[in-house]
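Quick look at what TrEMBL annotates:
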- 1-21: region 'Disordered' (REGION)
- 10-21: compositional bias 'Basic and acidic residues' (COMPBIAS)
- 30-588: domain 'Aminoacyl-tRNA synthetase class Ia' (DOMAIN)
- 58-68: motif ''HIGH' region' (MOTIF)
- 554-558: motif ''KMSKS' region' (MOTIF)
- Lys557: ATP binding site (BINDING)
- 635-790: domain 'Methionyl/Valyl/Leucyl/Isoleucyl-tRNA synthetase anticodon-binding' (DOMAIN)
- 844-871: coiled coil (COILED)
- 846-910: domain 'Valyl-tRNA synthetase tRNA-binding arm' (DOMAIN)
Amino acid sequence: MSEATNDLVGKNRADALPKSWEPQDHESTLYEKWVDKGYFTADPASEKPAYSIMLPPPNVTGQLHMGHALDHTLMDSLVRRKRMQGYEVLWLPGMDHAGIATQTKVEAKLKAEEGKDRYDYGREEFIDRVWEWKQQYGGTITTQMRAIGDSVDWSRERFTLDDGLSKAVQTIFKQLYDQGMVYRDYRLVNWSPVLETAVSDIEVVYKDVEGEFVSIRYGSLHDEEPHLVVATTRVETMLGDVAIAVHPDDERYAHLIGEEFAHPLRDDLKVKVIADDYVDMELGTGAVKITPAHDPNDYEMGLRHNLDMPIIMDEQARIANTGTRFDGLSREEARVAVREALAEQGRIVKEIRPYVHSVGHSERSGEPIEPRLSLQWFVKVDEMAKMSGDAVRNGDTVIHPQSMEKRYFDWVDNMHDWTISRQLWWGHRIPIWYGPEDENGERDVVCVGPDEEAPAGYEQDPDVLDTWFSSALWPFSTMGWPEKTPELDKFYPTSVLVTAYDILFFWVARMMMFGTFAGKFTPEILGEGKGGRPQVPFTDLYLHGLVRDEKGRKMSKSLGNGIDPMDWVGRFGADALRFALARGANPGVDLPIGDDHAVAARNFATKLYNATKFALMNGAGVGELPQRQALTDADRWILDRAEELRKRVDAYLDDYQFAKANEALYHFAWDELCDWYLEIAKTQIPRTDADASAEEQQRGRTTQIVLGRVLDVVLRLLHPTMPFITEVLWTALTGEETVTTAAWPTADDTNGGVETDLDARRRVEDSIKLITELRRFRADQGVKPSQKVPARLDFASADLAGQEDMVRQIARVEAPGEDFAASASIEMRLSQVNLDVALDTSGTVDVAAERKRLEKELAAAQKELDTTGAKLSNEQFLTNAPEQVVEKIKVRQKVAQEEFERVTARLETLPEK
């Protein structure tokens, strides 16, 4: 803080603020100023301690949704605070090429505009078209990031298909391949018949659909001869049945184990009865049909029993390779045709229709996913998964909240090999090349690194890598790996990864795998981890919950309950959006939110604006405090409370307790600073120096400094969450250039780190209680706010002699005159004494008007008693209503009864008409 700020104390500077706070008038201008000034640009040559976060890269096709807004708000809170604490901060932004999402979007656009699909263009031209689309439309989300105030280093923005990141992808693929950790094999995958590619689990959404449940008879049609009945929702898959499984302990079928039945519709297949513990004897008939190439559970059983795995559907989910009349039919057509064929043989035992069951659908294209055996590329994960688990167990990476560790270990300790190939054109092409066929029909296979060339005449594998492959390298590829760079030396490993718990497996665990793998094989670039272990990609992992609607439901298009964060920015301002989200962000817990939260946050911003405007009008500024003994009790109290707040906020933010930190800031700023200290300050600052004594003038200047310092601290503490309004208010208060690079508050900014003055606190808290009770009495008596009421009370007995003037001014009670005659009294318990207050309300109340008001309140209370009484005497209602509903009505009845009694008692005290 510059010394010049002392010169601002005592001056009316209300004109330093706009007439009112309209976020849209300031946010864009402020953001561009911050960027132009270079406040967000990281310097790897800096001697400051490093702090770094990699922004989880949003899809290039995407727009900011509430999950992003929460993510970004929390990250921005962390990095803005660290800048103020003197760290060299790198918050690196970027976007993901989003293979399936982008290719699907561009294909749909070209189909609509030109009537062509990607095959009409060919691979190279189609990819050129996708790049054109990316340049034209891919920046929407970056504009939105600026709108919400993300303080990222735009000079280092990256894209997962950048040359540097592409080199990183090729490098790690080559390393994995050379280590024998990449292989090609047939495995069951989620297959999208529309996109004609394998898709990841995260790209599958489950929906309840109406289908059918058909029971089929295998074996003899005669009951006395060997047979089994199985049931299925997908009767067409029986064309690939190779076995029927029963439980080994099921005595009903023990004699059939090892039996082979002829396939009802295929001459080339036999259906063998096998025993497996997976089968539930109590479910259905206790027998399960096995189609290993088209069902995940059947596939695992097929591996255990070394079963054949005939693939009966092509890439578009049409029946194929069965040698039957069903070849060429779609799944849906075959479902009907196969059922009819079996019915003709008398093999349909039972049909249930409609039958509601859950079916996985492609998130991008909408059709049912087909589990399908397919030739794909895989990464062996055993070694990397173990290193990822050990990194957390050893404390190299710490998960917040700790309760999420179990979920993490459940993933990494039970991970299957990762399908990394996708049958797409947009993405990182797999760097595998195949030579010409030899006389045996076999081809040489070569993995080509980033600085290598494939031999002449070799053809590259047509598949691309899973989008998660390149994003798993994000923490270090974005800083130049596999090259040794100043950014890696300074900022790696990154300080924290902030993300939602729902992508713990899909992204977080894979970053940990690739991070520890790269750390193990390139320690000269990434550095050595703790205890000589492989370096980790981030030292902290903070997992937040999902943003849900006010009823706790997932936001979705079908429910129509989604909230566009940019709508909130337009209606309430970016600070309101950010504060509403941060105030509800408890570690690992879902966040229900609605317009009411944004309104409350906007009102809070308005409260801060009004408080600062008042302070500036009354000469508040950030100056040097006088000695402690020169401060009033209220001054000491608010400074002590500000110091307690500062320590609490620091402790909460160090532990990623965003909700607690912002809740503490909210209640201090609103309840203590605005509601009380501002009111007390009005009594301590003289209206004009001309009418004030030297002592009053000094007290007034001290109050201006205290108010200025406390506001300064509050605004700096709030800046990470509410950057725009705090920038405007703080620069007006201090005359400084920006709060963005201001120092984070310390004890020197509050009470100097001295022990809390408990006597001052007690006296102020007793005064607040006394004022509150007097205000309540005035309201109950119907006394107008502007009217003063004579009151007699012994301030000295309560150790409040020094607070008498302040209490009387704020509570609007005056000293009793000679003709004082008490018409009412109240007794209250303060910290040390019971205090009796005698009041004379004669002449302060319009009896007729007060009686009318109270009678209206009495009627409302009676109506509520009648309503709740009727419901609680209704036996049918009590029987059928949920317990919590009944309990709420009982509470309403109790409140109404208390109100009825209070108003009745007050009416009895009024003089007769």
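Here, residue 1 is simply the first one shown, and the rest follow in order.
Cβ atoms are placed via backbone N, Cα and C, with glycine included.
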Counting across all protein chains present, how many other Cβ atoms fall within 10 Å of the Cβ of Lys557 (ATP binding site)?
7
Apart from its near flanks, which chain residues at least 6 from the ends of the motif ''KMSKS' region' (554-558) lie with a Cβ under 8 angstroms of it?
65-66, 546-548
DSSP output for Lys557 (ATP binding site) maps to coil
What are the DSSP helix, strand and coil residue counts for the domain 'Valyl-tRNA synthetase tRNA-binding arm' (846-910)?
59 helix, 0 strand, 6 coil
